[in-house]
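Reading through the structure tokens given below for one structure.
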Amino acid sequence: EDKEEDESKEEDNGSQQNRASRRKNYQRKNRDGKKAREEGSQKKDRSKTAPTKDQKESENKEKKTTKRGKEGESKQKKDRKNSTSSASSNSSDEESLSEEELAMLKEQVEQKKKLISTMRNKPWRMVKKLSVLREAQDFVEKFEGALGKGKGKKLYAYKMMMAKKWVKFKRDFENFKTQCIPWEMKIKEVESHFGSSVASYFIFLRWMYGVNLVLFGLIFGLVIIPEVLMGMPYGSMPRKTVPRAEQATAMDFSVLWDFEGYIKYSALFYGYYNNQRTIGWLKYRLPMAYFMVGISVFGYSLMVVIRSMARNANQSTSDGDDDNFIFSWKMFTSWDYLIGNPETADNKFASITTSFKESIVDEQESNKDENIHLRRFLRVLANVLIICCLCGSGYLIYFVVKRSQTFSKMQNVGWYERNEVEIVMSLLGMFCPPLFETIAALENYHPRIGLKWQLGRIFALFLGNLYTFLLALMDDVNEKLAEEDVVKNITHWTLLGHHNSSAGNDSTATPPPLDPADVPRGPCWETTVGIEFVRLTVSDILVTYITILVGDFIRACFVRFVNYCWCWDLEAGFPSYAEFDISGNVLGLIFNQGMIWMGSFYAPGLVGINVLRLLTSMYFQCWAVMSSNVPHARVFKASKSNNFYMGLLLLILFLSLLPVAYTIMSLPPSFDCGPFSGKKRMYDVIQETIELDFPLFVAKIFSYVANPGLIIPAILLMV
């Protein structure tokens, strides 16, 4: 560019000089012409034949000036040609340089990008990091855009722009997903004040809520909604009508509270559903859908639990060795420098303090010396006492269930007699865990190991109570099955007598229909089992909430406000503030979920009740923890507690499947209620569907697959 400017200046100077020389020549010509005219006018009279010397000289000068002008113009043309050729050569050199440096420039841009992404890992001072970061960002913004200016490079610039937008979109979408995680900030706040062990319970509670929400969608969308929309309406058949003897009290609160009356004959329970093979204009196969959804509840739960355990195991193995230089890592790498909110900073400060307490407890336990023989004796004694408590609770539940069967046959039974089983089981679940915790103080385990022992003992308590309840309930079911045979004959003869009395002597007359409320009913043992599970769930919800309200909140208010005028320090001594009972709450969730899995087959609406229970528990228990509880005196890390919870949940899932599978394969369904009425076994609906809806070769394939020679190896492989 500088060369071109110099050449243009030289051209301007040359043109100005040519103009000045032309003006001088023109003036000389005018002067010579004037002189020649004057001399010519003076010498007209003289001779007109020969030219003078002055005229010859002027002609010669004119010729010389014209030659000089032509030479100057030719020089200017040559200079212009040279300047244009030099400019074109310079531009071609620049284009060639830009093409050669393009690859190098791309490499530099990529290096700067890599430097920006790895800036946090550089062992530099913050001032140097910021300066280098700004320089790298400026370089990328300047030259990344310049790469798209050349010919054929617009596509590259477009790709770079779209890559930036895609990275930004992914980052915003990850932030959006984090914001969409329910109760994330509540759980983080609890974790910062009470440690990861308490937070693991709320994470487990949130996971259980998600699983039950999916189960509720399956049952509600594939069973309840089709029956309500396409099935027979209420009052059109006996199984959907309250009997005449019960209609007077069917809407009383005491009756509805026991899930009798109109609730018993609603879509909440098994007996409401019709046994028609297809319903509605869609020809929806409701019995088949009911059976497959009942099996899918267990299948989906099994898949989700195993996947969650595998994910937790992978995360625990990928964490690496964290046992080296624990306190150094916590001291120098715990703080998050991106925090800009004072409340978040307080939570982070409390979380770091709690993590130090957890590590100190772990270090103390690893370096502790003890008397081995005394410790073994105390641990054996504690286990003997706990086994005695478990046996006593199991016998008490069996005795109460047997007594409730006698109460059910009596008239004018009180509220306590009707709900004695639920009350006793809820009280055992409330008082036995604190008793186990008191006995476990003899063992002096590490808090994490002690939590697992406590969980196992409470799990054994709940499981023993549940199976004792089921065994006693099976006796009641057998009695109802024997009663069904009698009621079936009565119903048959009632319908036959109505037909004969209405027809009379005229055999061709059609009898008037019998009112569904007047038809004799069977006991419908499936609905009875479903009602018992619903009662257990509701009573467990009430006992849990009352325990939190009385045992935590009112206790905290008493300690807080009466401490000023009491004889001793209530906060440091008895009763003090309550600690959050991790083991009791976790086992309560697992035990409740086991009841949901067992009872959902007999009461499809039970999963909806559990969803409401988990939703309210999250808010209620988070409030109770933050307002009424104090952190544990010995804070400890969760350390794979979630996987331990999942292991217990997997065990209760397997044990919950056994009673349901037994009733499906062994017990005959009720003859006048439920989608499987009229069949010898509940699983006959599968055979009926295969025979009527599938080709013959499909039926042969299923018959071969159902061979015990294939089923037994498959079960062994799964185990």
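Glycine residues also receive a Cβ, built from the backbone N, Cα and C atoms like all the rest.
If you look up TrEMBL, you'll see 1-10 marked as compositional bias 'Acidic residues'. If you look up TrEMBL, you'll see 29-76 marked as compositional bias 'Basic and acidic residues'. The feature domain 'TMC' is assigned by TrEMBL to 524-639. Under the heading region 'Disordered', TrEMBL lists 1-100. Taken from TrEMBL, the feature transmembrane segment applies to 207-229, 288-306, 380-401, 421-442, 454-474, 601-623, 644-665, 701-718.
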Task: Contact call for the transmembrane segment (380-401) and the transmembrane segment (454-474): at least 3 Cβ pairs under 8 Å, seq gap 6+ - done: yes
Open item on the list: Out of 207-229, 421-442, 454-474, what stretch is closest in contact terms to the transmembrane segment (644-665), meaning most Cβ pairs under 8 angstroms?
Closed with: 454-474
Open item on the list: Using Cβ atoms and a strict cutoff of less than 8 Å, what residues sit near the transmembrane segment (288-306) while being 6 or more residues removed from its termini?
Closed with: 211, 214-215, 218-219, 222-223, 226, 273, 597, 600-601, 646, 649-650, 653, 656-657, 660, 675-676, 682-683, 685-686, 689
Open item on the list: Six or more residues beyond either end and a Cβ under 8 Å away: which residues meet both conditions relative to the transmembrane segment (421-442)?
Closed with: 378-379, 381-382, 385-386, 389, 393, 396-397, 400-401, 404, 450, 453-454, 457-458, 461-462, 465, 469, 532, 535-536, 539-540, 542-543, 547, 581, 583-584, 587-588, 591
Task: Model confidence over the domain 'TMC' (524-639) (mean pLDDT, whole number) - done: 85
- [ ] By DSSP assignment, list the helix, strand and coil residue numbers for the domain 'TMC' (524-639), in that order.
- [x] 82 helix, 4 strand, 30 coil
